[in-house]
Amino acid sequence: MAHENVWFSHPRRYGKGSRQCRVCSSHTGLIRKYGLNICRQCFREKANDIGFNKFR
């Protein structure tokens, strides 16, 4: 059993490891509200394109 077969072979069905950003595939800082599933860094870049406006 080589390292390639063992790495990430554990099933991730729940928890932070099971979800990733749909833009950059990062697992950290996910915004899951409204079904976005985008990390906060990508959200700041794409917020205007998605339709979020900053009122301030």
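The backbone N, Cα and C atoms fix where each Cβ goes, and this holds for glycine too.
For Cys21, Cys24, Cys39, Cys42, the entry in Swiss-Prot reads Zn(2+) binding site, with the evidence type sequence analysis. Summarising the annotation, Swiss-Prot assigns phosphoserine to Ser25.
Taking the features listed in Swiss-Prot, we show where each one sits on the structure.
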residue : record              : Cβ neighbours (10 Å)
Cys21   : Zn(2+) binding site : 20
Cys24   : Zn(2+) binding site : 11
Ser25   : phosphoserine       : 8
Cys39   : Zn(2+) binding site : 20
Cys42   : Zn(2+) binding site : 18
| message | Measuring Cα to Cα, how many Å separate Cys42 (Zn(2+) binding site) from Ser25 (phosphoserine)? | response | 10
| Between the residue listed as 'phosphoserine' and Cys39 (Zn(2+) binding site), the C-alpha gap once rounded to whole angstrom | 9
